[in-house]
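Structure first, commentary second.
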């Protein structure tokens, strides 16, 4: 009996229950990370989950009691981070909880016969101010904003993730969400059938709202004062922010509103409506003026922003003067045209990092109104621009042309990095010394280099992880 | 300290590399696999028990562990005893490299020694917690067999768990 075990063999012969047992001792994030190790480890961290059975209503009762267990400090189950609820006939719902932090509800496996359209109302501990007097009175009494007193029914969940909610679960979620008084981040993903979404956050601590890939969404209504980050990917829908119908407050736009730090407006799927000008984009534009990270589609800039810019109050403003990183999603044409990009860059004096992606699938307007913006700005130099990252360009010539135009318009020579076909590599633009110029050769060319060398200089745009 | 020679029953264990170990019955009973075997075959106590899945190195370490823990348990429980137990466990694990830890786990699993298995699994968890994916792969000797698409899909699916965390570096 030869007992020299090879290195690899030793651990692969560890039975699954030992691996699950080891995982149960890990902190939550490390446990989730084990799913990246190899295909065998993909769902091991979920093996510890309870499997329960019942109806949708039972499921929500189970969720509430599960959260209550976590809220009760004395009794912290360490290894059981969630459960799977079988609703019968192959449907199941998956609930994962990171203690005191996040709740993840995944309804993707809930089968329903007809994808009925539905509307969803979510109200999170809002006190909305009905009128001016209300507002003053509350502040006069020094009402504490952001720190509501936890009641016995408050779940200490700071971030809530809802995947594939349907008409079957929407009402239960709406009633449950009023218990999430400490909620700071809400993510809604892949909800087919969701037609309109109304979120009333009032003065609750909700800071971050992420809505991704809800294909049938037509309108989004949001009322909340503390929102800092809005991340949206999908079709351009009708936005209504704040109290649109309250004309009394037009001279106090500041208090019935929120200002975004971070906005991802990935509308490359195009508009949900034919007439895009009624979609309320103005209110969004108003709120992204002070944004630091932005994702913007070229077609939106051309069709929606350019026409509004020359008129007040936008024409009085200094542009996007806090913007430090921009992800510009371009559409592709036979001949790449960087006019719109350059026009927009003239509004971003403090830009540090620029990411340009040409997506051939991005929507573009067919009427050729080449709105090159007459922007009222002085000749800018983008002094802070250090890095430009390119993706999806048709060939190197176009990339080099863009580099030259940036130098010409803004007198800036940032590090230019482009996607490479080789694994773990990127292409870096370098300029040959001047003596080559005499030979009539283009001094610019790209060289391959390993991506680790540039990671510090050129990190991912914060919206690119989605 | 001389002890009155109590006639304790000894059990013989033979490891995979053909070494024979004589252990007191009390210690052998810590191994649930063996205990079950003896419960079902009370007459077999004279025979040598073969342990084809355990090396002598592992077995001697395990015997040491069980002996020490039996001794701890024989004394009165107090917080200082708990402290000593903890220290003993830490020392037991500290010097061992990853490979021998894994071997010990396999042996403890085979012999079904719950307390030791728990302690060892916790020790492994402590060694890999908060470390990068690459580090853990190296620890377990795993190959990344995900395609780039699969990897991106998993990342998107589990993104929510890492909200607000900086990429770890190791």
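Positions of Cβ are set from backbone N, Cα and C atoms, glycine also.
The domain 'SKP1 component POZ' annotation in TrEMBL covers B:9-70. Here TrEMBL flags B:114-161 as domain 'SKP1 component dimerisation'.
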Across the whole of the domain 'SKP1 component POZ' (B:9-70), what does the mean pLDDT come to? Round it, please. 86
Per DSSP, how many helix, strand and coil residues does the domain 'SKP1 component POZ' (B:9-70) have? 33 helix, 15 strand, 14 coil
How does the domain 'SKP1 component dimerisation' (B:114-161) divide up by DSSP, counting helix, then strand, then coil residues? 37 helix, 0 strand, 11 coil
